[in-house]
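Asks: Sharing the record's features from TrEMBL:
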type   : residues : note
REPEAT : 140-181  : repeat 'WD'
REPEAT : 182-224  : repeat 'WD'
REPEAT : 225-266  : repeat 'WD'
REPEAT : 267-308  : repeat 'WD'
REPEAT : 309-350  : repeat 'WD'
REPEAT : 351-392  : repeat 'WD'
REPEAT : 393-434  : repeat 'WD'
REPEAT : 435-467  : repeat 'WD'
SIGNAL : 1-23     : signal peptide
Amino acid sequence: MTISRKSLILITLVRLFCVCVEATPGRSGACAEALLGRCYGNGTEARRRRRRMKLRRLLLRYYPPGIILEYVQGGEPKTRSIDLLDLSPNTDAIALVEEIGKGEPLITASCKEHIIRLVQRLQEKLEEKEDHKFYLFKVLRAHILPLTNVAFNKSGSRFITGSYDRTCKVWDTASGEELRTLEGHGNVVYAIAFNNPYGDKIATGSFDKTCKLWSTETGQCYHTFRGHSAEIVCLSFNLQSTLVATGSMDTTAKLWDIEKGEEVVTLSGHSAEIISLSFNTTGDRIITGSFDHTVAVWDVGTGRMLHILIGHRGEISSAQFNWDCSLIVTGSMDKTCMLWNAMTGAHIATLTGHSDEILDVCFDYAGQRIAAASADGSARVYNAETKECIAKLEGHGGEISKVCFSPKGNRILTASSDKTARVWDAATGHCLQILEGHTDEIFSCAFNYKGDIIITGSKDNTCRVWH
């Protein structure tokens, strides 16, 4: 999509989160003890607090692999995740659970066998092959004017489309039927998102300078957030589903309380339009990317700018945290990606190789690989640790505006102005499939949570569902 003379690319973060599995009574690896120390504290009082904790249930998360603990401490419900980002089919599940249990007071001897079985379920999921082909299921002539974006809910059972016709539509993925139309904006609906992993709310950002919050089930508009003085072009919920952030052509971002319907804070400091923003997974930091060539890191609680990432020589097109919040990747019109330390703001590496503007960047779920899409018609995959290019995705006949990993990370999906989307092998860079049929540029695409359904949105006013 284009705003003024810039190639404006929205990040649609289809975070892939919890598949809930009820269980009876779970960060593995070398950092487990340090992590638990931060959670609980140390000393006598910390030990008392730990004794007052009671585990309520576990939620099994397939992508990225992990176990979510829901527990009560001092009468207050809390959650914490044990991220198993390095889990593989060859990991010794018994030894892993023993290691986690050393520093996790909620994992007792009586429940270790159950935890082992849950880890083994995650390993089985990792072993499942991704070898099926995608076939066109439905062509949705969704809107009377061009689409602007598409997005799935967490489970993939619903998806939404935004449009220049000033509406957002909610669709049933299984049937391809329109469920409801969200009406009320006075101009283009440009940015859209579900509050994943919950999926019960939808946010829409518009050129009318407002953001609206809606009920997914009823279509009721809960709140209209007013305060920006120019078009809203990007938005995102935090994972806790307490805040929605909006980025605007007025050079500011704003955080809004979704329960109270009130502005929490305005993030001011950029000297040009904000066209990309993203919360980290813990919800305490947010990044904003701007046409002023910089990315800012903000403290969510105070609205204070913590770091300004300076180094790019062109407008920022995309910026994203990795899952464990340790790294930030940025893409720019200067033809490069840059990798940054999320805690210190220090520049780590510049990822080169493209001959034209970078239009989108993303991490895989484990934060081990980075994919970059370019206006040169190719995408590249980089190793986040070695910073080396490990795969080149070549074959599109036009610029690639969107790139995303499948939930498992074995495949990559790209959308192009050549009217096609492509599915690639993430390890080799081989093209596995070309999704053809659109009659104009494809600007947005996404996998569902399981990775077995794809949606593509095009300037031909249609959305296609691929099974």
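Backbone N, Cα and C define each Cβ position, glycine as well.
Predicted automatically and left uncurated, TrEMBL annotations should be read as such.
What does the local environment look like for each feature on the list?
Replies: Same-chain neighbours of the repeat 'WD' (140-181): 1, 10, 12, 14-18, 187-194, 196-199, 202, 204, 206, 214, 216, 218-219, 443-450, 453, 455-459, 461-465, counting only residues six or more beyond its ends whose CB sits under 8 Å from a CB of the stretch.
For the repeat 'WD' (182-224), the residues of the chain that approach it from at least six positions outside its boundaries are 1, 10, 12-15, 17-18, 148-155, 158, 160-164, 166-170, 230-237, 239, 241, 244, 246, 248, 256, 258, 261, judged by C-beta separation under 8 angstroms.
Distant neighbours of the repeat 'WD' (225-266): 3, 8, 10-11, 13, 15, 17, 187-188, 190-198, 201, 203, 205-207, 209-213, 272-279, 281-283, 286, 288, 290, 292, 298, 300, 302-303; these residues of the same chain sit at least 6 beyond its ends, with a Cβ under 8 Å from one of its Cβ atoms.
Tertiary proximity for the repeat 'WD' (267-308) is limited to same-chain residues at least six positions away from its ends with a CB under 8 Å from its CB atoms, namely 3, 6, 8-11, 13, 230, 233-240, 242-243, 245, 247-255, 314-321, 323-325, 328, 330, 332, 334, 340, 342, 344-345.
Under DSSP, residues within the repeat 'WD' (309-350) fall into helix, strand and coil as 0 helix, 22 strand, 20 coil.
Helix, strand and coil counts under DSSP for the repeat 'WD' (351-392) come to 0 helix, 23 strand, 19 coil.
Listed by sequence, the residues of this chain that lie at least six past the ends of the repeat 'WD' (393-434) yet keep a Cβ under 8 A from its Cβ atoms are 7, 9, 12, 14, 16, 62-63, 125-126, 128, 130, 133-134, 356-357, 359-366, 369, 371-381, 440-447, 449-451, 454, 456, 458, 460.
Tertiary proximity for the repeat 'WD' (435-467) is limited to same-chain residues at least six positions away from its ends with a CB under 8 Å from its CB atoms, namely 1, 10, 12, 14, 16-17, 19, 63, 130, 132, 134-152, 154-156, 159, 161, 171, 173, 176, 398, 401-402, 404, 406-408, 411, 413-417, 419-423.
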Asks: Compute the average pLDDT of the predicted model within the repeat 'WD' (351-392).
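Replies: Result for the repeat 'WD' (351-392): average pLDDT 98.
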Asks: Could you tell me what the rest of the chain brings near the repeat 'WD' (351-392), counting residues at least six beyond its ends with Cβ under 8 Å?
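Replies: For the repeat 'WD' (351-392), the list is 7, 9, 11, 16, 63-64, 85-86, 314, 317-324, 326-327, 329-339, 398-405, 407-409, 412, 414, 416, 418, 424-429.
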